[in-house]
Amino acid sequence: LSLLLTASLYCMEGDTDLQFLLVGGDLLKVRSSSWKKTRFYKLQEDCQTMWHESKKTFKFKQTFSIKDISAVRAGRQSEGLRKNTEEPVEGRCFSIIFKGRRKNLDLMASSEEEAKQWVTSLEKIMSNMENLNSQQKTEHWIFNCLRKADKNSDNKLSLKELKDFLHQINIEVDDQYAEKLFQECDQSKCGHLAGDEIEHFYSLLTHRQEIDTIYGEYAKTMGFMSAENLLEFLIKEQREEATLADAHRLINKYELDDKAKEKQLMTQDGFLMYLHMPEGLVLNPTHKAVHQDMSQPLNHYFISSSHNTYLMEDQLKGPSSTEAYARALIKGCRCVELDCWDGSDGEPVIYHGYTLTSKILFKDTIKAIKEYAFKTSDYPVILSLENHCSVEQQRVMAQHMSSILGSALLTSPLGDQMPTGFPSPEELKERFLVKGKRLTKLEACFGPEETAGDDGSLTEEEEDDKEEEEEEKKKATEGKKLKLAKELSDMVIYCKSVHFNGFQDAKDNLGFYEMSSFKERKAMALAEESANSYIHHNVDKLSRIYPAGTRTDSSNYNPVPLWNAGCQIVSLNFQTSCNDMDVNQGRFLTNGKTGYVLKPAYMRDLGSEFDPITLTAGPWLQHKTLHLMIISAQQLPKVNQKKTSIVDALVKVEIHGVPADTADKETPYIGNNGFNPMWNENFKFDVYVPELALVRFVVEDHDSVTDNDFVGQFTVPFTSLQMGYRHVPLLNKEGDPLPSAGLFVHIMIMDA
């Protein structure tokens, strides 16, 4: 493809929605009730960047990239618009929600029709961008870098502009090499590159020697791959149980040349296209959809869970927001926390008690949860209540949940008799479960009410923190114990919060629906010292783990040892980007991103002797050897945006699992090349418990003076790896895809 045509092809010239964005228009930007200013917004010709013009300075400024948008929401859905605009302008309002921690952009159009046009047009261009294949993303990215390098916009590249372009795409070359490359492409000898010369330059730039080698070995039919040749590759290299029909399907699906497709041949371009598609990626494509049995009891699954879900930042003075719930739920989180306190005007609020974090209304939070609960996953959401409210405001909480969530709120056990175990995620689809204190045993739902000797006086987190001085201070401030409203108590069905008094006590005295929360330190100690007992406990009951109160910066802990002990609800601070959240995202990457992952069979068996620490013989021991070659990387983003800064790329591979499996290895760094560095570095790992193992690929920018800078990562369950030559897509620190960036690897897994 000619790069100079890429932008117009991408923009789909003539499409009225996209042309609307290219023309642009005035919108009212809303920051507060008093700060509302008109800005002229328009999409740039790259069809990727939105700019705005200030009416005060009449200067255009880059505002945001389309790829940074998470969602466009019509109406007054954001907190800012609800607070700073009136209900009559509902149809004129919309919000642009960004990935990461960037604040929403709240806007108001001059009419409802115009607002709808903005929303429709932005959603269309977002969809177009998401639907680009890897090759198109690469071409579009390179084209935009060429545009930036072409300072005088003459559609030509001088030698200086070519050097600037190479810097932009993360390649450092000496002047001699740049000159040689320039002269090789400057066939007209006129001192600049244009048209076909730029296309030739692009071909040289994106040429991949490793693909030449692989393709050349199997292209045995007139220099091309026949369906038989491709089948040989799929079986021998990719270790797939493929048929000739599968090979024909791949050719029909990914071959770009119509003449080759007619002859059922695959060109090298078609082969590279296949390697960039789901069939050629490291993650088994059959694991992307729901592929596990969802009819097991709820406690037989690992459940994606958030701590202090309402916080956007730290736990001392950071903002609370309903947007934080929306973001967590869209990421597949299935257990959210609501820290509830008495508010003014009789309305309960949510915030981090005894701190300067901002407050949000409980009813607004429940509305946001209802709105976003099932957009990513249909499976049940657990509302974990940290209840500090008076009885009066607890009744208000119950009323809000009942009126807003309606029949989706579970208020009685399924069936017409007392259950002996949990229902399944499948049975609880699109339902909300309340986790909290309950005044009676669950049996009271089927007979005369009988108190359980529990006045609901303290939340579990307070009980577990009794020994800590900071909690003693809180209790002194809180004064008398809080009582529990019956209306709220009756909403707690399968997740009744109780204090933990030991595994034997829980086995002897607690019902299956009575669950405990454990602070990370206590849970880690139990997982290390009594792992098998913890596993048995979690076969019958639910356990929730939460970060220590000392993590005021909203940092996280390693969830892996708790999963190894069978703990289901391992709650992390979703608002904090870190290695632990990367691993959490990897754990819940598969099974349709439902937020539910079935535990291995030996963690669902009361007679199991599995202990992740001692690792005695048993069905869990399936010793595998992972042979991994890190071949190359493509289009790594710049970490330091300075013009002269180029990535010195290295790759780390980490195994997360039982202690015997935990390991990491890294390649040497490749200096001054983030565009197409090549390593061909071989690693070998022993993995003893593959069903609990995760593989994390991390790319870093080497620094000999300070810590390496993070570039991108991808974490995948060991059992979801595909063998053979595979591309590994990379995610940024927020967990969002890095367009075009990836690794190329070879994977072989063998029985040890």
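Think of each number as a place in line: the chain as shown, counted from 1.
Backbone N, Cα and C atoms are what each Cβ position is placed from, and that goes for glycine too.
Copied over from TrEMBL:
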- 29-56, Lys435, Lys437, Ser517, Arg544: substrate binding site (BINDING)
- Ile646, Asp648, Asn672: Ca(2+) 4 binding site (BINDING)
- Asp701, Asp703: Ca(2+) 5 binding site (BINDING)
- 20-127: domain 'PH' (DOMAIN)
- 137-172: domain 'EF-hand' (DOMAIN)
- 488-604: domain 'PI-PLC Y-box' (DOMAIN)
- 607-732: domain 'C2' (DOMAIN)
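Residues within less than 8 Å, Cβ to Cβ, of Lys29 (substrate binding site) and separated from it by at least 6 positions along the same chain comprise Lys36, Lys37, Thr38, Arg39, Leu105, Asp106, Leu107. Distance from the CA of Ile646 (Ca(2+) 4 binding site) to the CA of Glu53 (substrate binding site) is 32 Å.
In this structure, the binding-site residues under consideration are Lys37, Lys435, and the one with the smallest number of other Cβ atoms within 10 Å of its Cβ is Lys37.
Between Tyr41 (substrate binding site) and Asp703 (Ca(2+) 5 binding site), the C-alpha separation comes to 40 Å. Between the domain 'EF-hand' (137-172) and the listed ranges 20-127, 488-604, 607-732, the one holding the most Cβ pairs under 8 Å is 607-732. For Asp703 (Ca(2+) 5 binding site), the Cβ neighbour count at a 10 Å cut-off comes to 13, with all displayed protein chains included. If you average pLDDT over the domain 'PI-PLC Y-box' (488-604) in this model, you get 96. The binding-site residues near Asp648 (Ca(2+) 4 binding site), taking a 10 angstroms Cα-Cα threshold over the set Ser33, Glu45, Thr49, Lys435, amount to none. Proximity to Asp701 (Ca(2+) 5 binding site), judged by a C-alpha distance within 10 Å, picks out none of the binding-site residues Ser33, Glu45, Thr49, Lys435. The separation of Asp703 (Ca(2+) 5 binding site) from Ser33 (substrate binding site), Cα to Cα, is 47 Å. The Cα atom of Asn672 (Ca(2+) 4 binding site) lies nearest to that of Asp703, taking the binding-site residues Glu45, Thr49, Lys435, Asp703 as the candidates.
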